[in-house]
């Protein structure tokens, strides 16, 4: 199988064997030209001879059409994920037309009917979703730590871009530290507040910035890096069965 995740800035792919083990995986910047990037990867895909391509995409219809045209040249069946608020594995209170495909698949990859879960995605945006025994209750969306920093730098003449790090939530004694620690604290504080309101929910974090943020959260955190892939596999496995 070939699994594709077409995000806002990056294309990720996983090639898995017959028992679901990953045999090849990579992530690349697509620069809003995912079809062209895929064209350069087709030789690599063909070497593994996948029998199906499952696709998660947050891109618009125009780019998805170009991706479809490129994939059609492989002569391999492919299908895009369609968000469904009434999906059997997880119901959602959310308007499915407004629920991002990648966010939904991350939840689908984590959902456990026996648990209450607080799933936090740490990518281009910070998403916090509450799932009660496979029912999505809704959630919150924040700018990521890097989007917040970029916004502050672009809107404030007195603060210039620097190479500071998001490594502490204690007060800063330089502007550089104060900016980075303030941004990190705003996100950590929100997560701590939400987890305090929902003490019986397991906290799960995923995404590129998860490890940075998790160490400052005041609850045990389970880190997962396989949720979107797991969600893709669950989605198409259930589709085949039904």
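Keep in mind that glycine also has a Cβ here, set from the backbone N, Cα and C atoms.
What you are looking at is a predicted structure, and each value in this text was computed from that prediction instead of being measured.
Of the listed candidates (124, 127, 135, 156), Swiss-Prot assigns 124 to the same ATP site as 5, 6, 7, 8, 9, 10, 11, 12.
Cβ neighbours of residue 124 (ATP binding site) (same chain, under 8 Å, six or more residues apart in sequence): 7, 8, 9, 144, 147. Cβ neighbours of residue 5 (ATP binding site) (same chain, under 8 Å, six or more residues apart in sequence): 11, 12, 13, 56, 57, 102, 228, 229, 232. Counted within 10 Å of its Cβ, the other Cβ atoms near residue 101 (substrate binding site) come to 23, all protein chains included. Across the residues annotated as binding substrate (94, 100, 101, 102, 103, 175), the widest Cα-Cα separation comes to 40 Å. DSSP assigns residue 5 (ATP binding site) to a strand segment in the three-state reduction.
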